[in-house]
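> Sharing the features that Swiss-Prot gives for it:
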COMPBIAS  194-204  compositional bias 'Low complexity'
COMPBIAS  260-273  compositional bias 'Basic and acidic residues'
DOMAIN    86-132  domain 'F-box'
REGION    188-224  region 'Disordered'
REGION    238-292  region 'Disordered'
Amino acid sequence: MMAFAPPKNTDGPKMQTKMSTWTPLNHQLLNDRVFEERRALLGKWFDKWTDSQRRRILTGLLERCSLSQQKFCCRKLQEKIPAEALDFTTKLPRVLSLYIFSFLDPRSLCRCAQVCWHWKNLAELDQLWMLKCLRFNWYINFSPTPFEQGIWKKHYIQMVKELHITKPKTPPKDGFVIADVQLVTSNSPEEKQSPLSAFRSSSSLRKKNNSGEKALPPWRSSDKHPTDIIRFNYLDNRDPMETVQQGRRKRNQMTPDFSRQSHDKKNKLQDRTRLRKAQSMMSRRNPFPLCP
């Protein structure tokens, strides 16, 4: 008989582990039974411990676990606890992520490219910038290789730089010369102004108006708290039923009670008729009032 073979008689006095700390390793059934008993006992102790004691026990158990066991605990925690801040580009398919980015304007896409390397790769794809270039009929005159990325974004930026969008400038005072100008003298009260005097008066008025305005700096730094990135969020909308109920309450408060007003008018008319009747009766009873 082998030394590590399971015993035939499991109910003998040698296999009793009720009042003993010895665990029969060579017998799997008894070992599982003892493990379940001790696990239940540990659960009862854990229920009676305070929060700080439970944290100390969990910290000690995690420190004793191996790397694979710690990874197992991490996966279990991720299943139980929902993620608070989750990157949708890592969970959604690539096609859906590009579809979401396609609704952004060029400035927002450039801001998204500064989040991380993964977002930079998505925000600079040609599938997004090609549509924005074709919208203004901006084409490229070469066929890019598969290894070249961000060609359409660079082309968009270059075309925007080449646009000459400036405000209309008034000609300088010295350059604005009217040839053969003759002053018209007339004794009439409504004298006509010459074009040169009219231009001088308009320029003086413009200078007076612009003197109060501050000149813009040559370069304005980026806003620390930008507001152009704030979009209309559907989750911020109010409940439609609640808005309808509030509108009805306001209407009821604003509209007067016509039934009550009509009742008050009837009461006033009745009081007036009674007063007139009483005055007429008094005048009949005393037709000749005594003079003082």
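Backbone N, Cα and C define each Cβ position, glycine as well.
Can you tell me where each of these features sits in this structure?
For the compositional bias 'Basic and acidic residues' (260-273), residue counts in helix, strand and coil come to 14 helix, 0 strand, 0 coil, using DSSP.
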> Count up the helix, strand and coil residues in the domain 'F-box' (86-132) according to DSSP, in that order.
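Helix (H, G, I), strand (E, B), coil: 33 helix, 0 strand, 14 coil.
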